[in-house]
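In Swiss-Prot this protein carries:
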BINDING   K10, F58, R86, T92, R104, N114  ATP binding site
ACT_SITE  H117  active site, pros-phosphohistidine intermediate
Amino acid sequence: MTERTLILIKPDGVERGLIGEIIARIERKGLKISALDLRVADRETAEKHYAEHADKPFFGELVNFITSAPLIAGVVEGPRAIEAWRQLAGGTDPVAKATPGTIRGDFALEVSTNVVHGSDSPESAEREISIWFPNL
C-alpha cells in the first residue's frame with residue numbers, strides 16, 4: 001500500500017546546504033517525491049502546523065523558527081512512507097535519540113534546530129499535507 005507523508009527541511013537544513021543530501025537519502029531509500037516547494041512559511045501556516053503544541057511554552061519559539069527563513073516542504077510517497085521517513089530522519093532529539101547514519105544523527109545537535117520534520121501518523125500526514133499543499 002502506498003502511503004504519503006509530509007516532510008520539511010527546516011530553515012537550519014536549508015541554510016546549511018543540506019537539501020541535496022537529504023533529497024538523495026529519500027531517493028536512495030526508494031521513496032518518491034511527489035511535491036516539493038521552497039518557501040518562507042507564513043505565521044498562519046506555521047501555527048496550524050504546530051497546533052498540537054499551542055499550549056506548550058515552546059510554541060512561540062517553534063513558530064518563530066519555522067518562519068524565520070526559507071524551508072523546503074515536500075510530500076513523499078511509498079510503501080510505509082511515514083515509518084521509512086522517520087527512520088531516515090532519526091529521533092527528535094539529535095543527540096540523545098538519533099543514531100549516527102540518520103539525518104538528525106549526522107547533522108543536528110539541538111532539538112529546536114533538528115534539520116527536518118516528518119508526519120508521525122497517517123492522520124497527521126493528511127492534516128499536515130492539507131496545510132502545506134491544500135491542492136494535493
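Using N, Cα and C of the backbone, Cβ positions are placed for all residues, glycine too.
On its own chain, R104 (ATP binding site) has A89, G90, G91, T92, P94, A98, N114, V115, V116 as residues at least 6 apart in sequence with a Cβ closer than 8 Å to its own Cβ. Using a 10 Å Cβ-Cβ cutoff, K10 (ATP binding site) registers 22 neighbours. Measuring Cα to Cα from the residue listed as 'active site, pros-phosphohistidine intermediate', the binding-site residues that fall within 10 Å are K10, R86, out of K10, F58, R86. A 10 Å cutoff on Cβ-Cβ distances gives T92 (ATP binding site) a total of 15 other Cβ atoms nearby, all chains included.
Most Cβ neighbours within 10 Å, among the recorded positions R86, H117: H117 holds that distinction in the structure as shown. Taking every pair among K10, F58, R86, T92, R104, N114, the residues listed as contacting ATP, the largest Cα to Cα separation comes to 22 Å.
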